[in-house]
Ligand SMILES: O=C(CO)[C@@H](O)[C@H](O)COP(=O)(O)O
Ligand SMILES: [Fe+2]
């Protein structure tokens, strides 16, 4: 079944523990944590201290999306704070193989993120080392932006690359503008894991919001069969 990962970027930061419990009760699968440095992206969010603070509030995996330059400097601190998954952007990694293995040596599952304008082919040399791939369907930096439909073709391409290499365990995650309409497009193209911020935390009933995204996602899965 498609995994749904609410992004806490759209949660009430003054009540993060309760917000996370709310989506956990609403049957979320992962908790997505957006880390921004004000350099790679034009926004600043949170660091390892907040990851450590939220860790005791949930049993769900914490999925840390690093939108930062020089990620190697901070990976051990995020791992120690309780991250289960860490993804780094292709666009900032000069030594991607080293960075991916630093994440794994820290006992954390490793992913690579591609911006909308970064091509699927850049993944080819590192594919077999990855636990997951994150395809951005917005330009990173903010929640609440519109889904970029041209990325759907890239989801199809990455899904084919993964399947043709027999690497079926690699998750394909999609992030940005995912809601109860766009989820279907993502899973029909091969996505297995959907991040959604405003479409979940922007709604009063988070369980209903997650269920609506899941329903759309499952329609996409069926149409892909
Ligand atoms: O990484 C990011 C934005 O850079 C995301 O995780 C957003 O937080 C998703 O928010 P919505 O587009 O779902 O509102
Ligand atoms: Fe994200």
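Count begins at 1; order follows the chain as displayed.
Cβ from N, Cα, C; glycine included.
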**Item:** divalent metal cation binding, same site as 32, 34, 175 - TrEMBL member from 57, 65
**Value:** 65
**Asked** Hey, how far is residue 141 (substrate binding site) from residue 65 (divalent metal cation binding site), Cα to Cα, in Å?
**Response** 11
**Item:** Largest separation between Cα atoms (Å) of residues that the record links to substrate, namely 7, 65, 141, 142, 143, 144, 175, 176, 177, 197, 198
**Value:** 16
**Message:** I need the neighbours of the divalent metal cation site defined by 32, 34, 65, 175. Which other residues of that chain put their C-beta within 8 angstroms of the C-beta centroid, in sequence order?
**Reply:** 5, 7, 9, 33, 63, 87, 134, 195, 197
